[in-house]
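Asks: Below are the structure tokens for one structure; questions will follow.
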Amino acid sequence: MDSFFYNPLSTRPGVGYAICLIDIYMGMYYNTIIGWAVYYLFASFSYELPWTKCGNPWNTENCSPVTGRVNASLTSTTTAGPATLTSTLMSSMTTNAASAGVTLVASALGNSTMATSYPHYYQQEQQLLSSTLPTMLSNLTTSTVAAVTGVVNNGPALSSPAREFFERQVLEQYKSNGLDFMGPVKPSLALCVFGVFVLVYFSLWKGVRSAGKVVWVTALAPYVVLLILLARGVTLPGAAEGIRYYLTPQWDKLNNSRVWIDAASQIFFSLGPGFGTLLALSSYNKFNNNCYRDALLTSSINCLTSFLAGFVIFSVLGYMAQVQNKSIEEVGLEGPGLVFIVYPEAIAMMKGSVFWSIIFFLMLITLGLDSTFGGLEAMITALCDEYPRTIGRRRELFVLILLGLIYICALPTMTYVSISSKLFL
């Protein structure tokens, strides 16, 4: 690790310190996301999950459970379907074309009294509109009018209890106006994140002797939970459709540069070749260790794990699509929305939802801890190797001070600022 730091013999001065800064930055926001999972875990220990129904103090008037929303939509469609509303609207518009001509002229004049009181002055314009308006209306497609009718009838956009729990109870981002006013630190979130830092400290303070034992749990437990969730997911109605969507290639997406960027980001973030984790952990191997075998094995396990997780996610997305009577594209979200909104919403609709919620968020916590261990251990190992007398001999104290400073720097991510701004910070 010495060659990555500045010294007279180094050909890459400063690269090692840049890696340490990146690891600090990751520790600031990544541990906060783990803190969100801890918040959800404690909230799951209840008779009923708090994001199952509306009527809670944090819910708005637009809150509507997914199941109730679907039932209401089916009822309204049965009593007055979209085709009936559309045909009635188009018939009324065509029949009243003559009066519509007067109205349009009046609107153009900005004085409805002149157009209605003295129609003979504008007889030519009214006749023109009255004769051409039916043809114009007939060119409107049924789907266009149906879409307009749906917008008018649906009213304000509805929000699910899971979304409002995440945005209004966990983050409370409605109390902030963005970076101009982030608001104070939320105490409950700060406490959850503090608990994460405590776990990280007692896992890293002795080096690989303590972290190695903890990793046996944090690395293997997620696989057990993944298999349990997969067994439950494939038994849900609509799961086959979700898995079919997951396995069906869309070759046209290869022309989209965004797909390649996301793929590269995923593989680099999961393997972490630029974070120093592999360098730090491999430094503890024996000199004649087969590093080629380890590299191939690690990369293969990483890709197969992502492939397995896809079955777990898309089986649930297929279930949600069937329940909400939507396509999978409309149900799925990216980033935190998938983990903290869509999946908890699906869990809330399952039997034994409390149990599934507890093991799901336990899996998220162990996965997050496993990742943050690697990044922070890389930085700690590098600094202890570079300064063995000043830092290496006082590793426990150094880790305590380091994690304390990172926690203080992470406090802005625990305010009421919106989620996008939090990740930006």
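Any Cβ shown, glycine's included, is placed from N, Cα and C.
Just so you know, TrEMBL annotations never went through curation; they're auto-generated.
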Asks: Which of these links to C54 by a disulfide bond in TrEMBL: C20, C63?
Replies: C63
Asks: On a C-alpha basis, identify the one among S270, L367, S371 that is nearest to C63 (disulfide bond); the candidates are the binding-site residues.
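Replies: Of the binding-site residues S270, L367, S371, L367 has its Cα closest to that of C63 (disulfide bond).
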Asks: For the transmembrane segment (189-208) and the transmembrane segment (296-319), decide whether they are in contact, meaning at least 3 CB pairs lie under 8 A, counting pairs 6 or more apart in sequence.
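Replies: No, the stretches stay apart by this measure.
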Asks: Measuring Cα to Cα, how many Å separate C54 (disulfide bond) from N302 (Na(+) binding site)?
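Replies: Computed Cα spacing between C54 (disulfide bond) and N302 (Na(+) binding site) is 39 Å.
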Asks: Is the transmembrane segment (397-419) in contact with the transmembrane segment (259-284), using three or more Cβ pairs under 8 angstroms as the rule and ignoring pairs under 6 apart in sequence?
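Replies: Counting Cβ pairs under 8 Å, fewer than 3, so no.
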Asks: Under 8 Å for C-beta pairs, could you tell me which stretch among 15-42, 214-238, 296-319, 354-376 has the largest tally with the transmembrane segment (397-419)?
Replies: 15-42
